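These come from Swiss-Prot:
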type	residues	note
BINDING	His122, Tyr126	heme binding site
COMPBIAS	137-146	compositional bias 'Basic and acidic residues'
REGION	137-171	region 'Disordered'
TOPO_DOM	1-7	topological domain 'Cytoplasmic'
TOPO_DOM	29-171	topological domain 'Periplasmic'
TRANSMEM	8-28	transmembrane segment
Amino acid sequence: MTRKQRRLTIIGGALFVLAVAAGLVLNALRDSIVFFSTPTMVAEKHVAPGKRFRLGGLVQPGSLKRGDDLAVTFEVADGGAKLPVAYKGILPDLFREGQGVVAEGALDASGVFKADTVLAKHDETYMPKEVADTLKKQGHWKDDYGKPQGAAKPGAVSMREGEKTAAGATQ
């Protein structure tokens, strides 16, 4: 083998090893890149019990139950699937039903997500992008989702000194 052939073989081998290493790293990070998984994603992936991940969605109205010693259970939903969550600790001040939440923990053998951290978004109109996409796909999306409370409806005009609304009323 000539020097040129040997050099090309070494360069080709190095590139192959680099490509394999990059593929292994990307494969290992594939699940870690997502900030959180929605209940639908968890159901589709069949996440193994004990595997840590972040769960995001909306706290299902009527599902919040408080127990002894700061124990709380609630359901996180994304419009498609619901996942029961158990947490023991102090909840954020802004945590409430219908609110966006991200919980970190793992599934137990019975399918309950055991959270050790719960975060609530400060904006009551917060909705994770994945949840909004799921709601749109399933036809449950309402146009006023994601707008601050009290926001003007399309076609309305502000009510400053004598201005008219779209309906024609004056102040």
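FYI, residue positions are counted from 1 along the chain as it appears here.
For all residues, glycine too, the Cβ spot is worked out from N, Cα and C.
The topological domain 'Cytoplasmic' (1-7) scores a mean pLDDT of 90 in the predicted structure. For the topological domain 'Cytoplasmic' (1-7), residue counts in helix, strand and coil come to 5 helix, 0 strand, 2 coil, using DSSP. Cβ atoms under 8 Å from those of the topological domain 'Cytoplasmic' (1-7) belong to no residue of the same chain, restricted to positions at least 6 beyond its ends.
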